[in-house]
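Before any comments, here is the structure.
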Amino acid sequence: MDIRNEILKLKKEKGAIILAHYYQIPEIQEIADYVGDSYYLSKIAKDCEENIIVFCGVKFMAESAKILSPEKTVILPVMEAGCVMADMATADGLAKLKEEHPNAKVVCYINSSTEVKALSDVCCTSSNAENIINNLEEKEIIFLPDRNLGSYIQEKTPDKKFILWNGFCIVHEAIQKEEILRLKSEHEGILTVAHPECSKEIRDISDFIGSTSEIINFVNNSSNKKFIIITEEGVLHQLRKNGEEKEFYIPYGKMVCRNMKMTTLKDLYESLLKMENKIEIDEDLRLKAYNSLKNMHKLGG
């Protein structure tokens, strides 16, 4: 059986659309209708005509698609594909923080559970967080769950006071300054490109900081030939497609999000064939979470 052709056949029969994040395995990226970062994919999910969305990513992404389009069937091929950082933020903890800071606006990274989104004023991604914070009148901001993205945006918006949740991405947090300095010393003229989920000490020695889509755009438009890429290595698939003459180096030779790498072509095929692993969200909860995502699209540009 040619599983790729079978997937395309099932997709056509069912009128489905396949979305994939940049961190997915190359085979999934290649068969997807759209590949992108969280913000781009959330817009596609909201605006697409198809009534069946197969989201090759992690759970919070598929949940966001369902929140935005409750009338559509949203399928996550591997239900176990979660996000460690998203799990670090709890609704109970956020409710307590809101009581302690009643005048603060709550901005949650899209890498959050539906329950956290429901208690937040606005959602954001790494590509639109600065715009959103600047568009808020309030000076006090509760930002969760990523302390690294939060501190990065805090540097960009010094007129705001941030209360940061103590969460982080285990993949980006693991990178040490010494490894980046080693790579720099071994490759003269190399540019360092980092995701804002990296720690401040990594951001401070980087030449460019941006979301996955911003990293790809920066590298594609750069005349430089060598890059240290400090984000999940799935982005290398797109970078190599667009810059065959360029050299890319990943810290320690490996930056892997195991949850993002769970989804295989077989999983995608099985989910389309059986129409299983549908995302279901309580309507009252969905409506509360919807406001934060609606405000993201309104304020994020």
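Placed from the backbone N, Cα and C atoms, the Cβ positions cover glycine too.
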Study note, to complete from the structure: Out of Cys169, Cys198, Swiss-Prot lists as part of the [4Fe-4S] cluster site with Cys83, Cys257 the residue Cys169
Check your understanding: Hey, Swiss-Prot has iminosuccinate bound by His21, Ser38, Tyr109, Ile110, Asn111, Ser126, His195, Pro196, Glu197. Any idea which of Thr90, Thr212 it lists too?
Key -> Thr212
Point to revise | Minimum Cα separation from Cys169 ([4Fe-4S] cluster binding site), reported as the residue among binding-site residues His21, Tyr109, His195, Glu197 that achieves it | key: Glu197
Review point. Restricting the comparison to the binding-site residues His21, Tyr109, Asn111, His195, which residue's C-alpha is spatially nearest the C-alpha of Cys83 ([4Fe-4S] cluster binding site)?
Key: Asn111
Review point. Between Cys257 ([4Fe-4S] cluster binding site) and Tyr109 (iminosuccinate binding site), what C-alpha distance do you get in Å?
Key: 18
Check your understanding: By the DSSP assignment reduced to helix, strand and coil, which category contains His21 (iminosuccinate binding site)?
Key -> strand
